[in-house]
Amino acid sequence: MKLITTLLLCSGLLLTLTQGEEAQEIDCNDEAVFQAVDFSLKQFNPGVKSGNQYMLHRVIEGTKTDGSPTFYSFKYLIKEGNCSAQSGLAWQDCDFKDAEEAATGECTATVGKRENEFFIVTQTCKIAPSKAPILKAYFPCIGCVHAISTDSPDLEPVLKHSIEHFNNNTDHSHLFTLRKVKSAHRQVVAGLNFDITYTIVQTNCSKERFPSLHGDCVALPNGDDGECRGNLFMDINNKIANFSQSCTLYSGDDLVEALPKPCPGCPRDIPVDSPELKEVLGHSIAQLNAENDHPFYYKIDTVKKATSQVVAGTKYVIEFIARETKCSKESNTELAEDCEIKHLGQSLDCNANVYMRPWENKVVPTVKCQALDMTEMARRPPGFSPFRSVTVQETKEGRTVSPPYIAREQEERDAETEQGPTHGHGWLHEKQIKANKNHRGHKHGHDHGHWSPRRHGLGHGHQKPHGLGHGHQLKLDYLRHQREDGDDHTHTVGHGHGHGHGHGHGHGHGHGHGHGHGHGHGHGKHTNKDKNSVKQTTQRTESLASSSEYSTTSTQMQGRTEGPTLTPPRAQPTVTSSGFQDSDFIEDVVATTPPYDTGAHDDLIPDIHVQPDSLSFKLISDFPEATSPKCPGRPWKPASWEDPNTETTEFSDFDLLDALS
């Protein structure tokens, strides 16, 4: 039993040790990186026995590992300064030495930071004297302090003594054990001096029960931890003659039990693909199909979660999604395994409770399901369309296209006019019927076109055939609709003014609303000109109608109107839904947009004056914006010298246009 406990605790400790923060790249110009480099350089310069101090040139790469403590790993370039190593000046107070005489180097360091205090973990610098091969900065020598491997066997007695000293001289309730050796240095004197930095962690062994560490003591994942630095002197007889230690403890989370308490009657999770669930799922889907009156069988598609609990038997709780199949209950007595799921069939979200007592062959399934919401996705081709904002609303007769916005005042005005008499309907809708012989001399025009607000004309009067400047009549034929009712109703846009005389009699009525007014009386004889004009106007193209629309707006008349002013009602066209239902392909969708009441809003829209050949927006550059890289960083101090090994060539006659041509 102790062996199993030890293995479980050791595996938990191993998992804890392997879970660390990932290193992330940082900006080489970051202030925190500079502080770490400054600390490293100040630790390096005192080791220079002769010559001058070294100064920071730039940081070329760096990473950061968050945690407690935070670790910075970086590479930086150094150059020899003009201050002596024994001058006592900070390297920031020096200047670079001449390029031909200055030595350069590259340092790789790892620096930790805890509570705004830095400490060196590792640092190695390689110095290259001017015009000389790269040499190591540190040379092995007898009597010098040098780093040793953290896995060296020589450290075992030192670390053992250090841990025992900490446990015996602290008032903590639990024993601590070694977690990791971070650095170790050794110096040969009349014996050996050791300088080590290591971390410790709390174990599950209390001092009341265990006087010292033993094999059953394991580290707690959420226990207290600390960092220590020890200095030990071992004489020539390998006996510890002197020892000093300084530690900093950090409290962890609340202590947890090494092993969870057993709970035989508690629910436990089961893998959704466990073979144990095969029989349980079979009982669940059979119960669902028996209780459901759907004409087709359902089949389990996805198992989301499953638990089991030991009671007076076994209780299973399963969450799954069932989908409709192609197998009908009329042609199949039971659900077969080869029944295919219907692609557009109904889906159910189900919760099943299955109670099983195998020794009694007793199975009690209970299944509760609810239908999943099916969202109808409108089919449309990809790409941008200005009609995406037009929404489609369901009605009893079909689908109606609703504009994205309707002014409130316009809605109220339309509601009032819908109750009054009307003479027609439609947007730019034209009704034309061949003339009755008994009404050859009369022509009635009704204008109910919903034009843009500044294009509406309001008029009532007699119109004369086009000629002699007495008026003109425009007939739009690209939205023509015929209805046979015995009368000749032609929707036109007409503006007439002045007085004229002729040999016949004709009259026309034009109704519209807007800012234009038309008035006047005219008499004319209906001759073959009328027939020819009708034929000609029916053959006009859409572009001609469009150009006439704009010309009409420039000929708006002002004056007194004769007859009542009628506001045509706003009609809602109905578009029958077909196999391909998409608002992008609804014909005349532009015409479905109701007129805006700009009269009430003109004062709210400011006048924007745009200079010629100017843009009201910024163009997107053809080239990507230049982003400064994180590394290498900027030179700490602009050097007035140039590297003699680097050749610099200036191109005074280079032009970017030469490369683009």
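Each residue, glycine too, has its Cβ placed from N, Cα and C.
A disulfide bond in Swiss-Prot ties Cys350 to one cysteine from Cys327, Cys369, and that cysteine is Cys369.
Per-residue pLDDT, averaged across the domain 'Cystatin kininogen-type 2' (150-253), gives 88. Its own atom aside, the Cβ of Asn242 (N-linked glycosylation site) has 11 Cβ atoms within 10 angstroms in the protein chains shown. Under a cutoff of 8 A between CB atoms, and with a sequence separation of 6+ in the same chain, the neighbours of Asn82 (N-linked glycosylation site) are Asn52, Cys94, Asp95, Phe96, Lys97.
Across the structure, Asn168 (N-linked glycosylation site) and Asn204 (N-linked glycosylation site) are spaced 16 Å apart at their Cα atoms.
Comparing Asn204 (N-linked glycosylation site) with Asn242 (N-linked glycosylation site), their Cα atoms are 30 Å apart once rounded. Cβ-based crowding with a 10 Å cutoff singles out Asn204 as the top-ranked of the glycosylation sites Asn168, Asn204.
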